[in-house]
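Here is the structure we will look at, set down as structure tokens.
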């Protein structure tokens, strides 16, 4: 791949496909790859042949676990143009998981994207995970277009899904396409911008799979013409509400004065500015609606030139801490972000990255700012779903993979080692794990292989952590949910050939305090024939849930305090922080506590930094107990969807799990129960749900908040965890 000149960067689209599980993301991606010529057959999720679900675990489960970067080409009006040389746009496409246990995969993808396609199920509408990924996209200011999928299914409706976008997402959707027929009668779509009818005739070629489609002016005698005309008027009104240029023409000259180019330009402006979101529709499984979706990617989603240049922070020199702007231009200094690491059995670690500025060449020596390491790029790869193509260089605005980087992990900033300005990009928000399991090798001979495998998986997946329990000495692995850890265990056996013994899932509790407290603590020990003395006073008070901890130096300004050695003070504050990592009840992290160091006393010759660190650690522990140490448990937002006749069973079952039902309502021909339930009560819930609904209901859950454990249960939990 040649250096990408700035003029061509405008032809690039870095986009993701995001949605709730089973909304049809991977199926949509498969059609995109097929119609853009990147694949020669359509792989289906239900038969395990999807191109982007190339991991065996993904193919077995039928869900996408790891985000995959795939490059393809598309030119509106010329569906056979599949190369950059033919004037087609380069689309770097990321297919992301919809299961809540894998939201970090979505998060890391959105971090490097410029735009996204939000896929919605026309029957289910806006579901729980749809809201989660939408909020993630909001956080990174990612412009979106919407694709309402599965219009061929019973209970499908475009109107209700659009209404839910307004109600649940607070979005301003603009419908630019409507279906002709619904459910079994769904046969075509109408492009409201051009007032054209798009049909996919069933030809004699079984390999066509919807590749051939016809775009023709919508005749005035067509049964859907009146509906389309009204929908077009509504589209223009919705656009005028959020775009002044369209509003001026609409009010002054009427809707008929707006040309197709005017409408597209207006839709592009409001999409890029996040003021509105164009809505298209179709059925990926039935091969209808994908080509106009690709047109919309080109027409409405941003190129790297359309988004603000990235800001990076200088890490060295007299201007350390200041922000510098890096534009997507080839002659700017190289700035890249590693957003995923995949372990390849032949190549070793393969690092997916995005270049924000400059050009990266094969054999370039890079500097990893976070790791303070130099490393060299041995190969550059263009990733084409399940296969790769070696390339010589990667220009600004593009996504590719590098082989040879031994130290890079998710979120690392990469620059050329010869560049004098050391800069770092913002990292990614990685959620704390909510569930953990013990893991040990089945034999001593396997221990080394297990340790190496766990270390490599942590490099791939930053939401997965491994640590040793200081009390039991057990190795614990922690993640985002049962499925997350189950996938890890299968990966150990399948990819690394390591047989491990794994404990039952356990909840990651937290500890806090229930009231203010104050402790004066004196530490006076003889260590190695030398006295170690320190005395301090600590004040504790609870903070709002989710506020985090605050450790404050609240020492009065007195003559004695002015002589208090700075390293003693630093050690005391450090000791407080250390103590908060392991609470006094069960050793879980302490959260949402303000600790103030209000008094100290030291004796010259007998006091040291070590004695104050010890005093602070032990004193904080004692103070937490005095302030009413309290266990916190993770609460999950749970959504259950199933037939109405089983909803009573679901409701009763959730009540037995200490659940609080927040809402109940229809969704298509099913009923939806929304509830908050402690995670401890949801372990193994999938099996129970199958039992009470005869396997006809499904559920999703995601972390909502930590909440106090009821006093009558706290002692039971302590006994269960301790084993006595």
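Cβ coordinates come from backbone N, Cα and C, glycine included.
The GTP binding site annotation in TrEMBL covers 19-26, 95-99, 149-152. TrEMBL lists 10-305 with the feature domain 'Tr-type G'.
In the predicted model, the domain 'Tr-type G' (10-305) has a mean pLDDT of 84. Secondary structure at residue 151 (GTP binding site), taken from DSSP and collapsed to helix, strand or coil, is coil. Just so you know, the Cβ of residue 19 (GTP binding site) picks up 28 other Cβ atoms within 10 Å once every protein chain is counted. Other C-beta atoms found within 10 angstroms of the C-beta of residue 151 (GTP binding site) number 27, with every protein chain shown included.
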